[in-house]
């Protein structure tokens, strides 16, 4: 999802250029291939080792990352729509509903499983608890983003479903942030290894900002077509803009906290939590991009451009580090195995290799 959002941002850059669109298409294609490959590997894991499903669900950390699946699908769908627009609205609409279903499973069932089966202490809480919830916000933004090219009859229903998803996702996400603030007040900053996870809070705020702005736009368009008073139409549009600005402002707080945390803790060794620099920053840039387009203010476009460049650089850095540690050294795979692997896994693997 961190790769997919980079492609989408470059393709829809505030100051468009052909070479940026080409780069966006290439990165988007890579993201699509990655999604298919990793989905196959993910499913194969549970086919070959069925007991891993229960182990993963009971694990406080790994189960949270199930939310990354619908978010990755959303970035691929949005990229397809960005490139082909009205020619692809039907397959994108179908993919969106699939994404909505998976997002609801993550946002409701995985969260309930976390309440019912997993054990946590206050000092062990971190912002990965947001990951099953954020897909609801991402799906809401995706729904109204592709609604612009839909027939009028579908546009209103897409806006309503998206608003319901947005309200559900944002409300629960903000509640999780309050819990995390409580944890930091009682137990100070989290370990240096997960310092960058503080940026996860920026995700629902940035994507929620873009989503509510798109929702306001679609609602205003529907009201205008129905002949409603112009004042009501403008109020609907700019209500979304106002709420979106507030969410971006709250996101600044979390970015500043993350910067201060990095200065204080000085994390040095790369791990998977560094990927929190990519998707959350990307969707936060998406919120600023939408705001800059709606208000047509140069300063906002510059802010969006800076955030996009930072996101792309972070994505390239994390990709390079992941490939090196995952393929050439296998450190990342060994770390995952230690968390949920069977005790006899190594013996079984050695026996198969000897055969």
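Each Cβ is built from the backbone N, Cα and C atoms, and glycine gets one as well.
Among the ranges 212-237, 238-263, the stretch that TrEMBL annotates as transmembrane segment is 238-263. By number of Cβ pairs under 8 Å, the transmembrane segment (127-147) is matched best by 159-181 from the list 96-115, 159-181, 188-206, 238-263, 299-328.
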